[in-house]
Amino acid sequence: MEITNVTEYDAIAKEKLPKMVYDYYASGAEDQWTLKENRNAFSRILFRPRILIDVSKIDMTTTVLGFKISMPIMIAPTAMQKMAHPEGEYATARAASAAGTIMTLSSWATSSVEEVASTGPGIRFFQLYVYKDRNVVAQLVRRAERAGFKAIALTVDTPRLGRREADIKNRFVLPPFLTLKNFEGLDLGKMDKSNESGLASYVAGQIDRSLSWKDVKWLQTITQLPILVKGVLTAEDTRLAIQAGAAGIIVSNHGARQLDYVPATILALEEVVKAAQGRLPVFLDGGVRRGTDVFKALALGASGIFIGRPVLFSLAAEGEAGVRKVLQMLRDEFELTMALSGCRSLKEITRDHIATEWDRPHISPRL
């Protein structure tokens, strides 16, 4: 079967992967309302394309924290990629590098920061969970710096793991032949079997529930790397992130895996962008499956987007080639959307190019 869009990888991954693994990647929290809404909300934003503009040349390049990338489409951190494919994070790192974009490596990767760095050049960010033992955190951040990672994406929405019922039913646990590679030498790389989700038990034992804004400041004392705060959904927290010295914000609901019934990230985006007032870049993570979604996010003020599940499903289906194809398909669709909307560069994409259900009608009917 010829793959023509990103979502077609989902069904292939479901066929190929063990149920426990597919369910872990695919499922959301509790009723999974936010999981569906992350996608559905995009369909409630319509285009207002401009016509008769010379779109023979289109420039999709941009800079993120000063690093030039080929397009505003980047790879989000997703855990334990070797459950999807033996090459795991190696394949994803190579695909991102080939596409000229950024890969974010999860703290809970099945390949270490050093191993990912060994795949060759590329701009990489490191996603960080804060453990109770701060020496572990400091050590990890130093290793990421030494391995050439360029920023820390601090996940702030996970003081406890969301209730993922598929993982409870499946008694999810990391397969015995894999470890959380970044923690291997610290006796924290294994996950014990549990009567519920092994990951939930692991998080309850290791992750610091007392994490607060002062820890964002603390992180700045142990690293020179810029810190992106990942998991912001409100204007209030946007202002606090700015006060805490964040270099950027990732609007994220953790792939709808934490608190159910939070808004879709695309609906939370504009509130965050307005509160940021241009003082730091705002990125979107969650629900992007089409180039049209990328355009909508940029029209609402995002500086770029991150994709997660499409990477995992394409990795499961076709390894590195699958991830490359996902990035290429999204790039091609985004370029076409720009052309058909009359935009030749990212700065030409404006709020006027879209209409949302919460806008006033642009044209009032004549009486």
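Every residue gets a Cβ built from N, Cα and C, even glycine.
TrEMBL labels come from automatic prediction, so no person has curated them.
Per TrEMBL, the features are:
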| type | residues | note |
| --- | --- | --- |
| DOMAIN | 1-359 | domain 'FMN hydroxy acid dehydrogenase' |
| BINDING | Tyr24, Tyr129, Arg164, His254, Arg257 | glyoxylate binding site |
| BINDING | 77-79, Ser106, Gln127, Thr155, Lys230, Ser252, 285-289, 308-309 | FMN binding site |
| ACT_SITE | His254 | active site, proton acceptor |
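Checked against Asp285 (FMN binding site) by C-alpha proximity, the binding-site residues Tyr24, Tyr129, Arg164, Arg257 yield Arg257 as the nearest. Cα spacing between Tyr24 (glyoxylate binding site) and Ala79 (FMN binding site): 10 Å, rounded to the nearest whole number. Considering only the binding-site residues Tyr129, Arg164, Arg257, the residue whose Cα is spatially closest to the Cα of Arg309 (FMN binding site) is Arg257.
Note: the Cα of Tyr129 (glyoxylate binding site) and the Cα of Lys230 (FMN binding site) are spaced 11 Å from each other.
By neighbour count, meaning other C-beta atoms within 10 Å, the densest spot among the binding-site residues Lys230, His254, Arg257, Arg289, Arg309 is Lys230. The Cβ of Gln127 (FMN binding site) has 24 other Cβ atoms within 10 Å, all protein chains considered.
All protein chains considered, the CB of Tyr24 (glyoxylate binding site) has 24 other CB atoms within 10 Å.
Across Tyr24, Tyr129, Arg164, His254, Arg257, which the record gives as binding glyoxylate, the greatest C-alpha separation is 18 Å. Of Arg164, His254, Arg257, all annotated as binding-site residues, the residue with the shortest Cα distance to Pro77 (FMN binding site) is His254. Between the C-alpha atoms of Arg257 (glyoxylate binding site) and Gln127 (FMN binding site), the distance comes to 16 Å. Within its own chain, Arg164 (glyoxylate binding site) has Tyr24, Ser27, Gly28, Ala29, Phe172, Ser197, Ala200, Arg257 as residues 6 or more apart in sequence whose C-beta sits under 8 angstroms from its own. Within the model, the domain 'FMN hydroxy acid dehydrogenase' (1-359) carries an average pLDDT of 95.
Recorded residues Lys230 (FMN binding site) and His254 (glyoxylate binding site) have their alpha carbons 9 Å apart, per Cα-Cα distance. When the Cα atoms are compared, Ala79 (FMN binding site) and His254 (glyoxylate binding site) turn out to be 12 Å apart. Cα to Cα, Gly287 (FMN binding site) and His254 (glyoxylate binding site) are separated by 10 Å.
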